[in-house]
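Here's the structure we're looking at; comments come further down.
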Amino acid sequence: MAHLLKTVVAGCSCPFLSNLGSSKVLPGKRDFVRTLRTHQALWCKSPVKPGIPYKQLTVGVPKEIFQNEKRVALSPAGVQALVKQGFNVVVESGAGEASKFPDDLYRAAGAQIQGMKEVLASDLVVKVRAPMVNPTLGAHEADFLKPSGTLISFIYPAQNPDLLNKLSERKTTVLAMDQVPRVTIAQGYDALSSMANISGYKAVVLAANHFGRFFTGQITAAGKVPPAKILIVGGGVAGLASAGAAKSMGAVVRGFDTRAAALEQFKSLGAEPLEVDLKESGEGQGGYAKEMSKEFIEAEMKLFAQQCKEVDILISTALIPGKKAPVLFSKEMIESMKEGSVVVDLAAEAGGNFETTKPGELYVHKGITHIGYTDLPSRMATQASTLYSNNITKLLKAISPDKDNFHFEVKDDFDFGTMSHVIRGTVVMKDGKVIFPAPTPKNIPEEAPVKPKTVAELEAEKAGTVSMYTKTLTTASVYSAGLTGMLGLGIVAPNVAFSQMVTTFGLAGIIGYHTVWGVTPALHSPLMSVTNAISGLTAVGGLALMGGHFYPSTTSQSLAALATFISSVNIAGGFLVTQRMLDMFKRPTDPPEYNYLYLLPGGTFVGGYLAALYGGYNIEEIMYLGSGLCCVGALGGLSTQGTARLGNALGMIGVAGGLAATLGGLKPDPQLLAQMSGAMAMGGTIGLTIAKRIQISDLPQLVAAFHSLVGLAAVLTCMAEYIVEYPHFAMDATSNFTKIVAYLGTYIGGVTFSGSLVAYGKLQGILKSAPLLLPGRHALNAGLLAASVGGIIPFMADPSFTTGITCLGSVSGLSTLMGVTLTAAIGGADMPVVITVLNSYSGWALCAEGFLLNNNLLTIVGALIGSSGAILSYIMCVAMNRSLANVILGGYGTTSTAGGKPMEISGTHTEINLDNAVEMIREANSIVITPGYGLCAAKAQYPIADLVKMLTEQGKKVRFGIHPVAGRMPGQLNVLLAEAGVPYDIVLEMDEINSDFPDTDLVLVIGANDTVNSAAQEDPNSIIAGMPVLEVWKSKQVIVMKRSLGVGYAAVDNPIFYKPNTAMLLGDAKKTCDALQAKVRESYQK
């Protein structure tokens, strides 16, 4: 039994079962009470934890004795962190004085201040510099270390074998801070990077101190000061820190590195990357560059020799682990620099990258100041000590995560990037035994290049899996649902008038559908502008509900007056903006126009109606029909350049006839007519003023703002109609229908109003263009929709006025909020779809007014606008290979995205300067320019137009290729180019130009990224997979003009940047285009 009990409790961790296995059972009788007294001997203790309790360990922080070393291994904050962990900390008196950490701060942090010998005899000693001979005592610091103790310091074991032997005699365990593996998990302990960061920054500060001019360029009354030119060699931590500091001070920064990734980082900081013509990768181990071939070094020397003659300051950081620093700049190169220049050698401690460097010294050689200090981190001792202290405290906590005991295990078998990898790499000596270097870790990640299937191949496979039966069934189901819906409308129709109105709505929608499909994409912007103006017919609803005398006398009349006022803004402003855009498309060779003659049909239509009205004829319905047909003609006229001005004129005639018929049908008294005229005149004046002053580049935000007015007018009209009609609801059999339409119109108007305002804010730069992805936004939108739909129940069930107006107010608030949440979640790149959707919304709001007021004109015009906006939205979505729901709900990815890991882009890019670009342009005979939103933002259309004119005069074939979603609204780029005088007949759409790229000599990509991204066709896992793009990479040569190699709005890397036929011309679009145009002009004038 005793054996069984021992077996059961052998693994017990309860404190009650202590010493059961080792306790002797004494012979003889035992008293029961005695057994209870000795019950503790019957319970086992917890398993003993490995390691030593923190409270039994002392961490020592000695003063650094290396010459001019001002750093200290632990800051007071670091001491406090270790004391909190449980360590006892002792600091040598004065250890932190040079770092501005007096002894009192250490005492306050919980440390004890002791002498040098007591500190070095601690269990764990932390230092900056490796132990060395103390000249005062004439003894080595290692001799004072506690036997079998632990040392954490910079060691450099490969260069200091004698030191390792000395430490081995003391059986020391050594953690070398310079050997921390450069893996992701160890970034917080990487002291080399911390110190290099400080060295890079300090190098720029010292250079600025010894340089005789400003870093930044200045224009003063005394003259112009050019910016300093700085070359930084080495794109490691120090080099990038130098680049960032120099760039922030306004210098022109150039960076060189043999590694492509480092050059990319230079670019991200705004520095100009330099490369040699010879392509060779310099990627080495541990984050360092490897030694390059003889041919590469020769090309490198040639580049450096040229740069020495141009730059003012040289900063070099090139190191090779375990070896002397390479000499990159000869004495002749340095002497070729301008007098007063400065060179800073961050590799001085390893011999230096300059032949003229004197390690540890600052001196002047033939007018060139040389800074060869080897203690740059020490010259910022406070900051350096703080970062080094953070590295050590984080390392100690990471290698020994136990809360009570200090313990870590050194393994020779470990995986790459794990904590075992960090420990084994850092520990260079264990209990006196040298274990440096560490063995190679397992599972080093390797990228196996796998050529994925193209998007077209995957789409073909997907299409092959869908049977004809499924396709036919889907189509039949859609038509069945549509016809069933028509039958349902017939059943619920309250009267014949409703059925007639639905018929009008349906026919107008069909006409609008076929009319808008015929509009050329170049005229999509004028189309949206003219529909904006026509949607101002919400004024008809406002006029119908206005009342009072010179001023409105009731709430409903005030709402109606306000609706009329803001609708008039839309009418006048929309037509004037449309006319301005159409005037831009006129070519010098076009025949003269006599558009004033369109006053004849306008005057006949309106004047004839007034004559008929005076004669006692009531022909308002015919007027509405005529106005509706004119609006149809307006949309149809904008299908081609030749009839576009007629279309705008027909729109004006239609709106004028509709307003005249409305006033004639109402027959207001003179006082009310004055109120109506005043509201429309004021609104029209404001609209004309805005339209006259607006810049064409700001057209998208103007359209969005005008959409908001339509939505607000619809809300006001619906609420006013409810207030006016409420007294008649009890006697009107169709009152329920009126209430439903009023509720629906209020909801649509609210969404249109707020959504348009958010779109305006994003386009104008008032709000961030990035999508606002609220947590749980889909649930929030679903809740708002459910609340809006649910609100109709009390609205219809309770006949009281208070409930009705409250429900309308609530749905207007809910829909307004929903418009904000929906539109805020959509990024700037999707604004073309947002604007077209809002355009469609405004049309449906107008339809609701038409049903509400039983007005054929509003129904016809609303159906036209609604269908045109829907079709444009569909065109935009097809151009991005995305569904409308995906865009509206703030989604990402195309319908073809496979969802796997995106393809990694390999290779190097080629950069050219303006002279190279001019030469390529001169040699090309066929040129295509593909602009993007970058051209719009920079307003670079004018220099490009002038460039096109020059090239055309030289006999070159120059055309433009426009992507449907380039810009921030449909057709925006076409209008901007027309504004600059580019003939519209050389501006082609994507479908027209794509087949011509293989025969094109040169393509200029200006400010475009996603719309020319080949990943859409090459990478099935890309979030833009399957998106139709301009296939510019198929041309013979491509010049991409961008600010940087950064991604576009879709945040997708662009493979064309690294294709062999692509050259990058980086810089601001406007400045680059201006300079390019000037250079081309200069080249042809020679």
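Cβ from N, Cα, C; glycine included.
Per Swiss-Prot, the residue annotated N6-succinyllysine among LYS224, LYS267, LYS411, LYS1071 is LYS224.
Residue with Swiss-Prot feature N6-succinyllysine, selected from LYS117, LYS430, LYS692: LYS117. Residue annotated by Swiss-Prot as N6-succinyllysine (from the set LYS29, LYS63, LYS1079): LYS1079. Swiss-Prot lists transmembrane segment at one of the ranges 475-493, 931-949, 969-987, namely 475-493. Swiss-Prot marks one residue of LYS100, LYS331, LYS394, LYS403 with the annotation N6-succinyllysine, and that residue is LYS331. Topological domains recorded in Swiss-Prot put ALA438 on the same membrane side as THR589. According to Swiss-Prot, of the candidate residues LYS45, LYS294, LYS338, LYS366, the site noted as N6-succinyllysine is LYS294.
Per Cα geometry, LYS397 is the residue among the modified residues LYS331, LYS397, LYS1079 nearest to LYS70 (N6-acetyllysine). Taken residue by residue with DSSP, LYS397 (N6-acetyllysine) is part of a helix. Sequence-distant neighbours of the transmembrane segment (672-691) (same chain, 6+ residues past either end, Cβ-Cβ under 8 Å): 539, 542-543, 546-552, 561, 564-574, 576-577, 580, 659, 663, 702. Taking residue pairs at least 6 apart in sequence, the transmembrane segment (475-493) and the transmembrane segment (740-760) share fewer than three C-beta contacts under 8 angstroms. Note on the transmembrane segment (646-666): residues 526, 530, 533-534, 536-537, 539-540, 543-544, 571, 575, 578-579, 582, 595, 598, 601-602, 605-606, 609-610, 613, 618, 620, 623-624, 626-631, 633-639, 673, 676, 680, 857, 861 of its chain, located 6 or more positions outside it, place their CB under 8 angstroms from a CB of the stretch. Neighbour count (other Cβ atoms within 10 Å of the Cβ, all protein chains): 8 for LYS224 (N6-succinyllysine). The Cα atom of LYS397 (N6-acetyllysine) lies nearest to that of LYS117, taking the modified residues LYS117, LYS224, LYS294 as the candidates. Looking only at the modified residues LYS224, LYS294, LYS1079, the one with its C-alpha closest to LYS331 (N6-succinyllysine) is LYS294. With a cut-off of 8 Å between CB atoms and residues at least 6 apart in sequence, the same chain places nothing near LYS294 (N6-succinyllysine). Here the modified residues are LYS70, LYS117, LYS331, LYS397, LYS1079, and the one with the most other Cβ atoms within 10 Å of its Cβ is LYS70.
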